[in-house]
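Undergrad: Swiss-Prot feature annotations, pasted as is:
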BINDING   Tyr13, Gly72, Glu105  S-adenosyl-L-methionine 1 binding site
BINDING   Cys19, Cys23, Cys26  [2Fe-2S] cluster binding site
BINDING   Gly73, Thr74, Gln132, Arg144, Asp169  S-adenosyl-L-methionine 2 binding site
DOMAIN    4-241  domain 'Radical SAM core'
Amino acid sequence: MNTGTYLMPTAAYIHIPFCRQRCFYCDFPIAVTGFQSLTLDGWVGEYVEAVCREIAGQQHQGQPLQTVFFGGGTPSLLPITGLEKILLAVDQYLGIAPDAEISIEIDPGTFDQVQLQGYKNLGINRFSLGVQAFQDNLLALCGRHHRRRDIDQALTAIAKENIENWSLDLITGLPEQTAADWHSSLTLALAAGPKHISCYDLVLEPQTVFDKWEQRGKLAVPPPERSADFYRHGQEVLTQAGFHHYEISNYGRPGHQCRHNQIYWRNLPYYGLGMGATSYIDGKRFGRPRTRNGYYQWLESWLNQGCPIPGERVSPLENLLESLMLGLRLTAGVTWAQLPSVNQTEKAKILATLTSFGDRRWLEFYGEDNQMLAPNQTTTETVQRFCFTDPEGILYSNQILSALFAALEEDF
């Protein structure tokens, strides 16, 4: 790998694809295991070894990683010895900073207190619990394998193990989900005591079970206006409870924002490792095949070629658009300094487009000393930062971003 002088990644996402079954909304690259306990014998161990070989091929020459994230799939299905092997490889070849955030996704019904203790012994210090909903009927409709009793057992294990830094995931806009269901899930989530809560709006991904049902008219998802009300209610309940709404879907207690995901939102480089994972290195985004056999073939070819960084560099315009799209997910918004090589013409186009929405109160602009600017004060010289209003601007963010992208792309 030719490391050159580009900025090396300080984060690594590691994909653990194993799942007991595929949820009806899921289009992630997974490997369905059924309900048997996994061991490192056979294909599970083969996958772990493949990921370790990919890690060894990175030839990292930068600073130790600041964040490591085990996502999936269901990482809590992988035996702890498998996680240990991967973490040892990460530390050996990429380095892990002493104060690194090391996260793992865990699902109810796939771990106990002993397992949590094992994770802590490995240095894992942040846990993301995939609850999604507290109502058994909604969980069943989504094809989730767990139920409310599994959630309660998971929360008990977390409490007994004195896990302090953990997050709880919820989904809004589920089939047959009512306002009462959503309020109950928020209330129960707060009572569980996480330091971080993620609220994701359901997206009907192509070729998923939900997508096929929707095309046949068999899926009763809430209409967009009700989903918007769910979003407003979640924002109100969680912020009133003391959570900081720092990203479109994410809320954290002070000091508990997810450090790893902020790498993505700031459009900074990162390693993606394992089946279906995507990397952003040296200005290049590239993914791996989404099946195990495809990934293994790709890995052998990549190793035989000397571990190059594949793909073409993102163009300056693409980089600018990605930085805007990702950065504006953060409620703090974007500063000019965070936009790569933005010129005066582009600044003027960005401001002209954004201020055209100003009378709808969907955006805010800030100058020096973080002072909010009135609409007639917004110039390329006075504006230092801009963001969506919360929650209304966020709800219309797709419309605003579409107009922004059209304005910036018209000369290309």
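Placed from the backbone N, Cα and C atoms, the Cβ positions cover glycine too.
Just so it is clear, the model here is predicted, and its values are computed rather than measured.
Can you tell me where each of these features sits in the structure?
TA: Residue density at Tyr13 (S-adenosyl-L-methionine 1 binding site): 23 other Cβ atoms are found within 10 A of its Cβ, drawing on all protein chains shown.
Neighbours of Cys19 ([2Fe-2S] cluster binding site), defined as other CB atoms within 10 A of its CB across all chains, total 21.
Over all protein chains present, the Cβ of Asp169 (S-adenosyl-L-methionine 2 binding site) has 21 other Cβ atoms lying within 10 Å.
Across the domain 'Radical SAM core' (4-241), the prediction's mean pLDDT works out to 97.
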Undergrad: Near Cys23 ([2Fe-2S] cluster binding site), which residues of its own chain have a C-beta under 8 A away, given they sit six or more steps off in sequence?
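TA: Set apart from Cys23 ([2Fe-2S] cluster binding site) by at least 6 residues yet with Cβ under 8 Å, we have Cys142, Gly143, Arg144.
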Undergrad: Of Tyr13, Cys19, Glu105, which binding-site residues are close to Gly73 (S-adenosyl-L-methionine 2 binding site), meaning a Cα within 10 Å of its Cα?
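TA: Those close enough are Cys19, Glu105.
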Undergrad: List, in sequence order, the same-chain residues at least six positions removed whose CB sits under 8 Å from that of Gln132 (S-adenosyl-L-methionine 2 binding site)?
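TA: Long-range Cβ contacts: Leu138, Leu139, Cys142, Arg144, Asp169, Leu170, Ile171, Leu174.
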Undergrad: Max CA to CA distance in Å over the S-adenosyl-L-methionine 2-binding set Gly73, Thr74, Gln132, Arg144, Asp169?
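TA: The S-adenosyl-L-methionine 2-binding residues span at most 14 Å between Cα atoms.
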Undergrad: Do you see any of the binding-site residues Cys19, Cys26, Thr74 whose C-alpha is within 10 Å of Glu105 (S-adenosyl-L-methionine 1 binding site), and which ones?
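TA: Cα filter at 10 Å returns Thr74.
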Undergrad: Could you state the CA-to-CA distance between Tyr13 (S-adenosyl-L-methionine 1 binding site) and Thr74 (S-adenosyl-L-methionine 2 binding site) to the nearest Å?
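TA: About 14 Å separate the Cα atoms of these two residues.
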